[in-house]
Every structure is written in C-alpha cells, then in structure tokens.
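Enquirer: Please read through the structure below; I'll follow up with questions.
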Protein chains: 4
Amino acid sequence: MLKARPLPPYLIQRYHGWKATTYTENESWYRTLAQEGQHPRAMMISCCDSRVHVTSIFGADQGEFFIHRNIANLVPPYTSDGGQHGTSAAIEYAVSVLKVAHVIVMGHSNCGGIKGCDEMCCGKAPALDAPTSFVGRWIDILRPGHERVAGIKDDAERARALEKEAVLISLENLTTFPFINEAMQRGTLTLHGLWLDIGEGHVQQYSASSGEFAPI
Amino acid sequence: MLKARPLPPYLIQRYHGWKATTYTENESWYRTLAQEGQHPRAMMISCCDSRVHVTSIFGADQGEFFIHRNIANLVPPYTSDGGQHGTSAAIEYAVSVLKVAHVIVMGHSNCGGIKGCDEMCCGKAPALDAPTSFVGRWIDILRPGHERVAGIKDDAERARALEKEAVLISLENLTTFPFINEAMQRGTLTLHGLWLDIGEGHVQQYSASSGEFAPI
Amino acid sequence: MLKARPLPPYLIQRYHGWKATTYTENESWYRTLAQEGQHPRAMMISCCDSRVHVTSIFGADQGEFFIHRNIANLVPPYTSDGGQHGTSAAIEYAVSVLKVAHVIVMGHSNCGGIKGCDEMCCGKAPALDAPTSFVGRWIDILRPGHERVAGIKDDAERARALEKEAVLISLENLTTFPFINEAMQRGTLTLHGLWLDIGEGHVQQYSASSGEFAPI
Amino acid sequence: MLKARPLPPYLIQRYHGWKATTYTENESWYRTLAQEGQHPRAMMISCCDSRVHVTSIFGADQGEFFIHRNIANLVPPYTSDGGQHGTSAAIEYAVSVLKVAHVIVMGHSNCGGIKGCDEMCCGKAPALDAPTSFVGRWIDILRPGHERVAGIKDDAERARALEKEAVLISLENLTTFPFINEAMQRGTLTLHGLWLDIGEGHVQQYSASSGEFAPI
C-alpha cells in the first residue's frame, strides 16, 4: 500500500488562504488558462534550489514561463539512444509543441550542485564518483566546463566561474538538438544565458560578442 | 561561437523593477539565504506547465521548497545503471543532502504531457512511439498507470484519471529508492500526492487509507 | 488622389534604429506572435492621451494587452441599433473572440476630454453642445456621471471626481453587454477600474466593497 | 453594486517596480507633462491588436503620440448625424484641439479584424452579417475596400491586400472631415499611411505618387 500522508497543516492552511484570496480574485484568468491552454513565450531552465524564483524576479504570472528545474540547471547533449531523458523531453515539448520563442538558462551563486561538481572534479568527493551516485552522474554533464576553469586557484572564484560554465555548457548542448537548430535557423527561437547572485539580487547575462557575463 | 542573445527589453525592465522593490525590501533575507545556505522543508515535484505555480498556491517564500519540475511530474523507478538521471539526482540531493522532511508530488488538470501519454497508449500518437521522441520515451514511465485506467471510455474522464495515476506511479517509484525507504523508516521523511484543478483552483490529496484523492 | 505624405525623417530614422536593435534581438518572439496569433490575457481601455502608457506602467510586452484607446476611456452602454460602434466592437472582439480574462478601464488625471465634459455640463462650453461636435456627443456618455459630482464646488476637485466617474460609468456600461454578463457569470471574466495620476505616477483602483478608489 | 475586482497581484507587483524605477528616474518629465499639458506632434491610429506597439517601433516617449486604437485601424467617413462616434471624436480632438501636425494610420499583418471582414464579404461568416454583431457592423467600413481586392484568388494574398486597403479607406475617409481638409489646406496637417509586418518587423508606407506601399 502506498504510504502517502496528509499534507502538514500549515500547507493546508496556506492553500485555503490562497484559494480565498489570490485564486478568487483571479479565477477568470485561471479558468481561461484551463480552457484555452497555455501559450508561454519562454522556457526557463533553472536550478531546483529553493532560493531561485524566476517568476518573482521577472514579474511573471501564471502562463508566461514554461519552467524546467533540475540540479544545477544543466542540459545534457543530444542523444538518440532512445533512453529516458527528462530534461530533453521538457525542451522538446517547449520548442516543438509549445513553440516558445526563448529558451533561457539561469544559473546562480552558492549552488550546491556546482560546488559538488567542483569537489568531484578536484578529486575531493569520492562518493560523487560512485556509479550509483545520481547527483555525481548528473553533474558529469559539467565536466567539460570544469576543465576550462580548473586553473583558477581560489576555491570560491573557481566555483563562481563553474556556475557560469554550467550556463555555457547548457547553451552549447542546447545547440546539439536538431529541433533547436531548426527553430534558430527559422528565426523563431533564441537562446539566453543568465546568472543570478542570490545574495545581491544581481542578474548578469552572457554576451556572445564579448564572451563575458555582464550586468543587465 | 555561442549564439546567446540579450534578454528582451521587457524582461530587463521587469528585473530592474523587482530589484528596486521586492529585492530591496527583503535584501537581508536574500543575503542570509546566500550566506547560510538553503534549508528547505519540502521537495516539490511538479510539472513544467506554465500554469502551475506551487510557490503561489502554498504561499512559499524563497528558501522553502526545493522544486523539481519536469514533464507530467513523473519520477522514474530506481535504477543502478550509472546513467544520467536528472529527476533521480534531484531527489537524491533533496533527501540525502538537504534532508527535506517531505517529498510532495503535484499533478494537475489539463496536462499536455498526460494527454500525449493517453493518446500514445491508445495507439493514436505514432510520433510519440518513435524511439527518438524524448517526450514519448519520458512518458513511458506512466504506461503502467495507463493500464489501470484504460477501461474508462470517456476521453476526458480517462485523461483526468491518468493525471492522478501519474502522481501514484511517481509515489510508487519514489519508494523504490533505497535512500527514500531508509528515511521513511527512520521517520524523517513522508511522501504526499496532490492533484490541482487549474481552472477551479481545487487541490486534492491522495489518502492512503481510502485509496482516493479527496479535497484538502 | 490620396494626399498621403512620406513619414517625417526622424520617425523613419527611429524605425530603422528599432529594427536594428529591439526587433533584431527579439525577432523570434515577433515571428512566434505572427505565426501563433495573439493570446492576450487582458483588454485595456484607456485614453488616447499621449501621456498614458499602460504597457510601460505594467511592464507589458508585445502580446499581453489588447488595447482600445479613445477619448476619456469611455464605454457607451449596450445598444442593438445595428450602428457602427467602434468601442463596442473592440470589447466584443476581446471578450468573445480572444476570450480575455480581464477588462481593465484606466482613467487618468489632467484629462482634457473630462475637463471638456465638465465645462459642457456646467454650461460653459456651448461649442461642445452642438450636434456636430464629435467630442461633445462622445462625452455625452459621461453626463450621468457628472450629475453625481455636480455638487462639488472646487473646479479641480470636481474634474478629478469626474475622471473617476468616467471609469465607473464605463464599468457600469460594460455590464450592460450580454456577452460581458455571460462571461462574468461563467467566472471567466472580471472587470477592473483604475485611475492614474500622471504627474505623481500613482495608480488607484476602485474597490467594490468600499465604493472608493484606493492606492494599489 | 459594481462588480469591479482588485488587479491581479502580478500587475500590482510590476506597477510598483515601474514606480520605483522608470517613474522615479523620470519624475521631472512626468510632472512637467502633468502641469504643462500634452503637446503631441502626431496622432497615431492603429489596431487594438496586442502585437502592435507603435511607441516601441517609433521610439516614442510619453507625450509624443496621441493614440487611438480600434479594431482594424478604421476611420469611418464624416457624418453630421449627431451620433456617438468615438473615432471621429478622437480625430476631432487631435486636429482641432491639440493641433497635431500628422495623422498616421498604421495597419498590420495577421489582422483578425481584417480576416473577419474578408470572410464576411466572401459570404463565409454569417455571424458577422447579423445586425447585432458589433465587429461585423464596424468592419462594414471596409466593404468598399474589399470590392477593390475581391478579384484576388489566394486567401492570404487577398487578406494582405485588404489590410492595406484598410489604411487607404481610412485615409480616404479622413479627407471627408471638414476640419481635416481645412488643416491640410492651411498646410498644418499631413496624412500618412503605414503597414506593419508583425513577424518580419517591416514597415511600409503608402506613396501617393506611385500609388503603392513601399518599405521606409
């Protein structure tokens, strides 16, 4: 038998508060969304980290962003192995079915997944090297990025550089998907790379012309 | 060269608005979150769908929910094949590193991924059957759930039942992960299954005792 | 022969600047909008006044607001006379075809149309009383509102009260349209009344419970 | 009692963001506009369509364009029937009170109102023929334009031609207003006809000498 439990009371109470206020005041919009379907303009790929709220930062309402969140906002490269790839499935749905105009990858400061990747690649986290470590195998995606920052001596500086590499690796991998390339060539899709400083509330974006992240 | 583009101006404008208001009014909390790290009490697994905002529904602030979002809020079964499993990595990080007390799976009405799964399993969506369909292979996770609702004649009714099966299949698969079982046996983790009616703003939860979803 | 002239050079120059920057950086979104059609979530009814930019105030991008602008943001009452009613046509298209979730009427301070209505109703603007005055006949829509503020002695105060009456009269008239009523009863449409102080940048909204405009 | 509702939270949040940034950085200009009144140099007549932002395309700031937006950017012919004509009122105010130097009519591609007119005139939209259809009666203004393009066989080509006819019909109707003619004869007013391709970001203007629309 499934061992599911009732929600904690504080969540039930908050839900009823939401239902009586935010939902009730906007029920017409919720019903429209249900009946007419979603037409998001952008897909946002960000981290599962509880401190990263893209809808708040960009003033987005229900219906605006199609959001995939995984550890360290990583996109694996395209493969046609017929396996189960949740991130690739989300991207395919956003681009091929919903036809979003933008795919935005947002990395962030103080990222635990990135720190784990740095430690693993520096040989300091044997547990992550184990084949049974889901986190370890997932952040393998970022290994090519680590090679590009491995020369940085300062740990904090190297972690921050690796956080930005995670965005770049994901952007690079996005362009290995045939349907992404086709949409980009048709001029109906653009890619964007962002990095958020959680504590300072700064957002930087990657500029292809300068090859650097700069404040927006 | 990476073909990343600058953000659309309206998003930049909105970001600056957020920075000048929400961030500025709460910067002490953002800085605390950055310095002290995240301590989320729950992991939320929900759909990428742009209409599902769990932080709004449950009044959650920055730092409360560790959120993984994928197509149709699916959790694959545990495997030790050493492959790249983004969803399993997110769960492992939440339970083993962050030690969340709750893993909550939230399905929803009008789900495009679930509708695709229903059509595929009914033989009406050959494109999703192709080995190269990322969406198709991902929603294969739900095939055992479709068998349990296949007898329902009405399309809309069957889709709704399948949306709830997606929650149950995910809960079942969660219990195949050794670290989940250990935490449940230690009494430090509980699982929860929810289903959201987008248009009506109703949330139902699965009750293990009744074996049904009921309003919270 | 039509006496149309070429655009002034400064507008041509600005257009080319927009094309080379804003358009180019966002062409994927423009193409998506062209191919997929518009799905605005709200209809905004505001004044033609050059100082009222609802898209700026609400951070709205191309595709978000269906906007009708006329003198003094007025909605005439429903009529089935088979005549040519531009405002009623815009509302019908927004609600019945586009199925927007919100109709928002935004009045504003320093409104020339409202001032003209006040002068006309106070007998100080005979030119506006003429049957051939398009402005005069248009602002006749607001006469019932003027009766409710006619007792205010101070000219500036009375004009401001009349600006808010223009919003209320429009909201009242909106509810005389059968398709508006039906959508409201189905719970898929809500009405909203706003008033903007141009100089101070304040937006107030009408509260049905208090019967007053209050800051948002 | 008026059934007005509070604004959705995301719009309130965005407004506060605008107030704290765009408004605050430019408050001297907003206050000047409020105290000195508006002195727009041009009236823009464009469609309500959410995808048409003339202020963005022409880099126009608060105070530059007096903007009337209706379905399909149509101007009805002059009439002295003493009725309520919102478009004619807007034009009268712009030309006779504000004394704008330009009246610019801007049509656009993918226009739903124009498509409806084409279907109605081709006998494929009986609902629009009903006397109670506000949209149908409004786009009757364009019937003379449809006669001029009815010979075009291809649907998409005919719709595009009709979009341009909507601009020409409006320009023709503008010259039936006595105050427009007087201002043109005094040399203080010029008319301009534009057509925007939403997806490609192209703007064409009508040339009286060639009788054609050409890129600007």
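Cβ coordinates are placed from backbone N, Cα and C, and glycine is handled just like the others.
Curation does not apply to TrEMBL; its annotations are automatic.
Okay, these came from TrEMBL:
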{"type": "BINDING", "residues": "C:Cys47, C:Asp49, C:His108, C:Cys111", "note": "Zn(2+) binding site"}
Enquirer: Near chain D by Cβ (under 8 Å): which of the binding-site residues C:Cys47, C:Asp49, C:His108, C:Cys111?
Expert: C:Asp49
Enquirer: Around the Zn(2+) site recorded as C:Cys47, C:Asp49, C:His108, C:Cys111, what other same-chain residues have a C-beta within 8 angstroms of the site's C-beta center?
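Expert: What remains near the Cβ centre is C:Ser46, C:Cys48, C:Arg51, C:Val52, C:Ala72, C:Asn73, C:Gly107, C:Ser109, C:Asn110, C:Gly112, C:Gly113, C:Ile114, C:Glu163, C:Leu196, C:Ile198.
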Enquirer: DSSP three-state call for C:Cys47 (Zn(2+) binding site): helix, strand or coil?
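Expert: SS state of C:Cys47 (Zn(2+) binding site) = strand.
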Enquirer: I'd like the Cβ neighbour count for C:His108 (Zn(2+) binding site), meaning other Cβ atoms within 10 Å of its Cβ, all protein chains included.
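Expert: Around the Cβ of C:His108 (Zn(2+) binding site), 24 other Cβ atoms lie within 10 Å.
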Enquirer: If you draw a 10 Å sphere around the Cβ of C:Asp49 (Zn(2+) binding site), how many other Cβ atoms fall inside it, taking every protein chain shown into account?
Expert: 29
Enquirer: What same-chain residues, at least 6 away in sequence, bring their CB to under 8 Å of the CB of C:Cys111 (Zn(2+) binding site)?
Expert: C:Cys47, C:Asp49, C:Ala72, C:Ala159, C:Glu163, C:Ala166
